[in-house]
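In what follows, a single structure is set out as structure tokens and then discussed.
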Amino acid sequence: MAKLVFIRHGQSEWNLKNLFTGWADVNLSEQGVEEAKAAGKKLKEAGIEFDQAYTSVLTRAIKTLHFALEESGQLWVPETKSWRLNERHYGALQGKNKAEAAEQYGDEQVHIWRRSYDVLPPLMSADDEGSAANDRRYANLDPRIVPGGENLKVTLERAIPFWEDHIAPDLLAGKNVIVAAHGNSLRALTKYIENLSDEEIMDVEMATGQPVVYDLDDKLNIVSKTKL
Ligand SMILES: O=C(O)[C@H](O)COP(=O)(O)O
């Protein structure tokens, strides 16, 4: 039996301002730091000991992982970062205020952009200043892979190879794993491991800084799921 913990990053500066964030690399807010530390305390109280950590290449998730591991006395745990665990790319919506977008385009359209499984947001062009194509951390990626905007389906399709190549083999080897990532990359993994339909995943939300603990059997069937 292995334990798998998903944790969405603590509140970010752009969560606080209600801005679409996606691949924009923003920091944790003060509240976000406290949420991440509180998560570490809860993990410690629950006695959960990790063998491996995974996170994205975005500051808010990396720092959440580090605060949580430090508070639980496990900052030494080996960690791997991958762009495949990044938040969904929110395309041209990145940096826009969610409430203002709802006023401009209507609540329904904004809900579709945020929660539909397969509708893409308006895309960001590769010559946009904020494009991932201009960011050194993605320099080794095939330019055809660097997204200009992703829906949950595309996010799932790029996250699952990482699950299959790294996370699942660790769990099958009996390792306890923490994945510190993002609302939508974690919703994608949740859909996959819980076998949820395209409709069911629309209602799944990840709270900032809240560890979700799965107990898995030796075939990775879910035995229990607990939110700390
Ligand atoms: O990228 C973002 O804006 C958030 O982290 C997730 O946003 P959502 O809840 O609007 O999908």
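Each Cβ is built from the backbone N, Cα and C atoms, and glycine gets one as well.
Neighbour density for G22 (substrate binding site): within 10 A of its CB lie 26 other CB atoms from the protein chains shown. Look at G22 (substrate binding site): DSSP puts it in coil. The substrate binding site annotation in TrEMBL covers 8-15, 21-22, R60, 87-90, K98, 114-115, 183-184.
Annotation source TrEMBL lists active site, tele-phosphohistidine intermediate at H9. Its own atom aside, the Cβ of H9 (active site, tele-phosphohistidine intermediate) has 34 Cβ atoms within 10 angstroms in the protein chains shown. A coil conformation is recorded for H9 (active site, tele-phosphohistidine intermediate) in the three-state DSSP classification, outside any helix or strand.
Taking all protein chains in view, 26 other C-beta atoms sit within 10 angstroms of the C-beta of E87 (active site, proton donor/acceptor). Taken residue by residue with DSSP, E87 (active site, proton donor/acceptor) is part of neither helix nor strand, so it is coil. Annotation comment: TrEMBL describes E87 as active site, proton donor/acceptor.
Cβ neighbours of H182 (site 'Transition state stabilizer') (same chain, under 8 Å, six or more residues apart in sequence): R8, H9, S56, L58, R60, A61, L85, N86, E87, R88. For H182, the entry in TrEMBL reads site 'Transition state stabilizer'.
Proximity of the recorded positions H9, Q11, G22, E87, R88, G183 to ligand 1, judged by a Cβ distance under 6 angstroms to any of its atoms, singles out G22, E87, G183 in sequence order.
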